[in-house]
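Student: My questions all concern the structure below.
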């Protein structure tokens, strides 16, 4: 009966996993198709973007699953369940570890091979529409640089020893032998961990840039809403009339046959470009005002405000918890050389207090941790969408509905893959004990022996601690102390950028209903791409 119950629970779990995977794929397809340009869409870039985005979302969901599995093997009183013997526990641990191996290997494959190859292939295709073989060769030539970087990271992680040999008189051969023995004993975990940690540092920079801003901008945009399409049309019509009158005044100077001065010609050219942009805005505003989607958004406006308030509460909870956790490390850790790692919690934070309370009611703690992880991902997507793709102070691409170039979508998915890698450490910073052990409890057995003496009696207590199982994600987090130190300083930068973004978002007014949809560098043909969304 117990075996049948375990089998039933396993089948239920696999069915839920299949449904979740299907939902993720549908969401990725809708998201990519919503933002990609219809005129420049390519099958290979679309498939790559959908696959990479799905890998990012699946990888972010692995942390709650890992925490749930180590917690599920124990009862509330601290004992292991009947089916969770040593072999079964080991199999579950290995299965989760292989899941991390698989997903992290796919992330390395996407970041260092597939996405760069598709990007350079599309770049070559734009420049040369002729020989496909030549385009493939050129794209692969540029991709070799990324492959070389990946190989170097794997080699460094595989053969740089974590423990310095204690023997000072050991030979060079013994040192080399030690390296290979360490690599074999770790089963490649150290090599993969070093490569993933290197990408996580880049993901940390992306999270500081995009996620911190998205966590402040997304909730406030939902609360403030957008300006009315009718009001914007009225203002736009007034701007059109003003520009047309200005053009007429300048052109009236040449009615008697005199040519316009160079300054007037430049002004006319600028005004005509401005007029074309205003007329495109007029067409878009008219479509939005008449669309059913606008009416639907107006109807659910109170719901958006509720979601905005909820998101800002989650963001503040996240930031306060991160601040207290970092402050705890600053006050009680061993310092920079240890990576600011601390054992235990000296300064509690709201999330650390909330999770133990929610553990008493299954599955509220898993719902909260999943909500935080997914909130982290979706605010990252919102930050990238609002800011665009930047390289230092140079804007490379814009993310716009129905007008995003394939290269921009590939960049967006790569950035999300890197941010997802940093998500696990961010959650660990907020609740280290929960991420390591979940809701596991250890058993305390009390044996009472009464010894009667003449004047008194006493009790003899003996405590027996059952070993808790650590999550597999923890194995990837603290292999190298210098990465932990970098994450520590990155958390302070994340908090600072969030506060700056919160102040800026509060000071800004309502967004335009066609924010970022119409630019001066757009062509008139681009209007057809957006019209399908406003019917």
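Placed from the backbone N, Cα and C atoms, the Cβ positions cover glycine too.
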Student: Could you tell me which of the ranges 282-302, 345-365, 408-428, 429-449 is annotated in TrEMBL as transmembrane segment?
Tutor: 408-428
Student: If you check TrEMBL, which stretch out of 142-162, 163-183 is marked transmembrane segment?
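Tutor: Range annotated as transmembrane segment by TrEMBL: 142-162.
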Student: From 480-504, 505-529, which range did TrEMBL mark with transmembrane segment?
Tutor: 480-504
Student: Between 233-260, 261-288, 317-344, which stretch does TrEMBL give the note coiled coil?
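Tutor: In TrEMBL, residues 261-288 carry the label coiled coil.
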Student: Between 366-396, 408-428, 480-504, who has the most Cβ pairs under 8 Å to the transmembrane segment (44-65)?
Tutor: 408-428
Student: At a C-beta cut-off of under 8 Å, are there same-chain residues at least 6 beyond the transmembrane segment (480-504) that contact it? List them, or none.
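Tutor: Sequence-remote neighbours of the transmembrane segment (480-504) are 162, 193-194, 197-198, 200-201, 204-205, 207-209, 211-213, 215-217, 220, 315, 319, 322-323, 325-326, 329, 336-341, 422, 425-426, 429.
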Student: State the residues, same chain only, that lie 6 or more residues beyond the ends of the transmembrane segment (98-122) and have a CB under 8 A from a CB inside it; answer 'none' if no residue qualifies.
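Tutor: For the transmembrane segment (98-122), the far contacts come to 42, 44-45, 48, 51-52, 55, 58-59, 62, 135-136, 138-140, 142-143, 146-147, 149-150, 192, 195-196, 199, 406-407, 410-411, 413-414, 417-418, 420-421, 472-473, 476.
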